[in-house]
Amino acid sequence: MKLAIYGKGGIGKSTTSCNISIALARRGKRVLQIGCDPKHDSTFTLTGFLIPTIIDTLQIKDYHYEDVWPEDVIHKGYGGVDRVEAGGPPAGAGCGGYVVGETVKLSKELNAFYEYDIILFDVLGDAVRGGFASPLNYADYCIIIADNGFDALLATNRIAASVREKARTRTHPLRLAGLVGNRTSERDLIDKYVEVCPMPILEILPLIEDIRVSRIKGKTLFEMVESQPYLNYVCDFYLNTADQILSKPEGIIPKEISDRELFSLLSDFYLNPVGNEEQENKENLLDSVVLI
């Protein structure tokens with residue numbers, strides 16, 4: 001199974017991806033996480049340091065792809081999760097998306113796609129185009145990470161559009177498995193968006209300080225819980241997500257709305273709270289009538 005995880009930059013994709021990878025490994029799966037970001041920090045919390053990237057290795061090999069072996073680019077991490085980092089050109093130079101596309105192709109050529117139960121692509125931000133869209137060419141499922149904010153849902157809407165387009169043009173099925181809410185004490189905007197653009201909500205993680213600290217420490221929650229047992233409840237969020245993924249959900253081909261419609265939808269939610277409350281009361285009344 002291949003998973004592509006997308007979401008707004010800075011939303012906590014990499015921290016979430018690493019913990020989901022460990023959760024899948026705890027369920028007995030052999031997992032490879034591929035970091036698709038020029039910052040090459042996707043797998044940081046699996047080791048506590050930045051591993052050599054595909055670009056680093058190619059430079060050493062003088063860009064002779066035929067001289068690259070799996071052990072040159074695949075590195076062991078905590079919990080038995082293997083890791084690859086694409087890397088990218090220096091800031092302000094080259095194309096990070098091209099490097100991501102080449103990383104995906106190289107991983108396939110090295111037979112990495114066939115050696116693991118789960119391949120998890122952790123992909124840069126919401127730029128689902130060019131090389132950054134290449135993981136969707138191979139993924140069985142896309143998972144979107146978002147919070148209860150406008151920018152994250154704008155990114156969610158654009159990612160949904162990309163998934164729909166890829167699902168339309170691909171011969172291999174691609175589905176949106178659902179949305180994971182991260183750092184989300186409230187979920188009113190998420191619920192409002194999902195009401196208009198239906199998609200499964202796999203999990204909602206509240207704002208938990210230990211998750212932020214885990215990123216700084218370079219550890220997953222599963223490693224931290226070994227010395228801090230009270231964090232078991234946080235691990236359960238990720239294990240629940242992993243269990244839903246492993247159940248091979250039907251998933252959906254999502255729909256999206258225009259940017260202007262999204263602006264109106266979310267801003268009206270706060271600008272017209274009375275109207276929203278009246279609508280909710282009408283819906284509750286209708287539900288009561290149906291039950292009677």
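Just so it is clear, glycine is given a Cβ too, placed from its N, Cα and C backbone atoms.
Record features (Swiss-Prot):
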| type | residues | note |
| --- | --- | --- |
| BINDING | Gly10, Ile11, Gly12, Lys13, Ser14, Thr15, Lys39, Asn182, Arg183 | ATP binding site |
| BINDING | Ser14 | Mg(2+) binding site |
| BINDING | Cys95 | [4Fe-4S] cluster binding site |
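Sequence features annotated in Swiss-Prot and their locations in the structure.
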residue: Gly10; record: ATP binding site; DSSP class: coil
residue: Lys39; record: ATP binding site; DSSP class: coil
residue: Arg183; record: ATP binding site; DSSP class: coil
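Local packing around the Cβ, expressed as the count of other Cβ atoms within 10 angstroms, is greatest for Arg183 among the binding-site residues Lys39, Arg183. The most densely surrounded of the binding-site residues Gly10, Gly12 is Gly12 (count of other Cβ atoms within 10 A of its Cβ). If you compare every pair of Cα atoms in Gly10, Ile11, Gly12, Lys13, Ser14, Thr15, Lys39, Asn182, Arg183, the residues listed for ATP, the longest distance is 22 angstrom.
The Cβ neighbour count for Ser14 (ATP binding site), using a 10 Å radius and every protein chain shown, is 23.
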